[in-house]
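As annotated by TrEMBL, ATP binding site applies to Lys445. Residues or ranges marked as disulfide bond in TrEMBL: Cys268-Cys285. Marked as domain 'EGF-like' by TrEMBL: 255-302. Per TrEMBL, domain 'Protein kinase' is recorded for 416-689. What TrEMBL lists as signal peptide is 1-39. Per TrEMBL, transmembrane segment is recorded for 339-362.
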Amino acid sequence: MKIIRENYRDTMAAKKGMALAMLMLNVLLLSLCSTSIYAANITNSKPGCQPKCGNVTLMYPFGIGDGCYLDKEFELTCNYTYTSTLQPVLVASRMLVQDISLEQVYVGHWNALTCYSENKTSGNLTRSLTGGPFTLSSAHNKLTAIGCDIYAYVTDADSRNQTSGCVSLCQDGNSYRDSGACSGFGCCQTAIPAGMKSFEVGMVSINTNSKGWAAQGGYCSAAIIEEGLKVDVGMDIFEGSLNYSQRSGLDWAIGNETCKHGSWKNICHENSSCIDSPYGRGYRCICSSGYEGNPYLLNGCQDINECKGVHGCEVGSICINRHGGHYCAYPIGKKRSPMVAVSIGLGGGILLLLFLAFAFWFNGKLKKRRALQRKQEFFKQNGGLLLQQQISSGERNVEKTKIFVSEELEKATDNFNENRVLGRGGSGTVYKGMLPDGRIVAIKKSKLVDETQIGQFINELVILSEISHKNIVKVMGCCLETEVPLLVYEFISRGTLSEHLHGENLISSISWEDRLRICKEIAGALSYLHSSLSTPIFHRDIKSSNILLDENFKAKVSDFGISRSVPDEQTHLSTLVQGTFGYLDPEYFHSGQFTEKSDVYGFGVVLVELLTGQKPISSTRSEEEANLAMHFISSVKEDRVLQILETRIANEARKEEIQIVASLAKKCLKLVGKKRPTMKEVLIQLENLRVFQHQESLSLLTEE
């Protein structure tokens, strides 16, 4: 019997050992199969297509040759066109490609170069990506300026509603060399606005004619759009040499439709999903959780073997990989009490019954809770806590602002249909909508924003809530529970003053009488902001595209995104330079200190636009006349104002009226802010002009 028992124990031990060995063998085979399958399928280009060009790995939907790319915008060639080594080039746009990823394509940098010598030479760069799948990446690029006493900028070449820039200064005439981080002396760097498809890179010199070393000649400056991960530049401005080595990143997306249209199902393959492009139309494919690879290829998204890394299985257990995840197995061999097994079985059965009994109830609760949590997260993300702080402080009059629910605004705009778009600006898109009570409203949908832009949105809401003036757009409320914040304000039917002055189909649509009234209304609104409120407000972005016109051509000042309230005892704001090129106060540009007289300068530019019908900055005019304000001032000094007037104004206006308005505009455009009139003084002069017109009309009637 003893021998039989020993044989039995040996047999059981052998069986347990075999079972453990089989389990380990299965795990090994699964891991090997998973690894071999993944290794066999790891690729970025289509099967049978060229996988690389030089040192660049080609990634579908980009490709070389018929059938190897998605459409013409992604077609590449591989040759020596631009470099001494093989490198891919985009056929449609002729851009040289340095690297390709699933989100970006990297091309050569773009730069504007200005060299000073006896004959000054300069060159701004304008680039358009419109119509293609590419957008200038704000996350992967910076604007870098290299040189002395320059303002470098990048602006939206179409609307000029988005501008970013920085100032690079030099203390003296010593040859400046740098290699490393930009400090603002000889080199500066700034972020690029998001979502730009057409842009202009350029520079403006600051007081170079007053510097003794500028007369030496032979030095250069550059404004470069490049990948902003590091700065590696070297320069000698007096030897005229510039050396920099970097690249630019472009975001890309597929097509013009969003994920909800369903066409992505033919592009995104198994184990992948669709996400909308955050920079406008189009979409991208991403591999599902637990998978990696190229989602645009058949079998492109392969399972990740989690068991190769940190997997979280307990000591003594075995990690087993499976598609999209893994699980932990326990080896056979541990003796367990039958009561333990029974207890586990009964407990599991009871839990299963409870789960099934309450599943429906829990599901409903979870859905409601998730929706509420998502709205709460968006509320915090979009500055809801900041708004609550403004309300609770009692210092700002925002209690009456209505908080709209997202469903109400989605219904009002037909789910933000493209047909409802009124306009697109630097901070977002404006839609036309109808509320349930029949009121027509304008709904501003902000772009994907960072923390500073959230502050601008809440700032605009708070400022507009405090204002009650017939010539300032009226805010009606906001919605903060959506992915991007929404601002609701009154609908102004005739668009912007800029469209009526510069639009091809609306040229000269405003009479001289209406222009004088519009001037007076804008001046009245700014005078109210500067002088009539308990806490004065500086608008900081006065321009014709921020002046709206209603059905009676009554002016309404809008867009308070970068406006600021100023305590009575404070005369100026010290801020980063913000605004629109062509309307920027030169004094603010040099000092960084914005005063009420900076708004006066912007108003002066609008006055000149109303007189001439010309844009504040135009590449079609000569270099000396490119800046409208400077061109106007020189025309006044040379007594040539009548030569630059818009034809309709020259025919309708009296000479005395033109002289009065031109003189007022000249005062507003004084380079020294203290020499400019206040908006209250401007308003009084415009009201006196209306009295003068009335007296002239009465005298004509008397003579008749």
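Here, residue 1 is simply the first one shown, and the rest follow in order.
Using the three backbone atoms N, Cα and C, a Cβ is placed for every residue, glycine included.
Bear in mind that TrEMBL entries carry predicted annotations, made automatically and left uncurated.
Feature map: TrEMBL annotations on the structure.
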{"residue": "Cys268", "record": "disulfide bond", "DSSP (3 states)": "coil"}
{"residue": "Cys285", "record": "disulfide bond", "DSSP (3 states)": "strand"}
{"residue": "Lys445", "record": "ATP binding site", "DSSP (3 states)": "strand"}
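Cβ neighbours of Cys268 (disulfide bond) (same chain, under 8 Å, six or more residues apart in sequence): Cys274, Cys285, Pro295, Tyr296.
Remark: secondary structure over the domain 'EGF-like' (255-302) totals 7 helix, 15 strand, 26 coil, with classes taken from DSSP. Long-range neighbours of Lys445 (ATP binding site) (same chain, six or more residues apart, CB within less than 8 Å of its CB): Phe416, Gly428, Thr429, Val430, Tyr431, Val484, Leu486. Residue environment of Cys285 (disulfide bond) contains 22 other Cβ atoms, counted within 10 Å of its Cβ in all protein chains.
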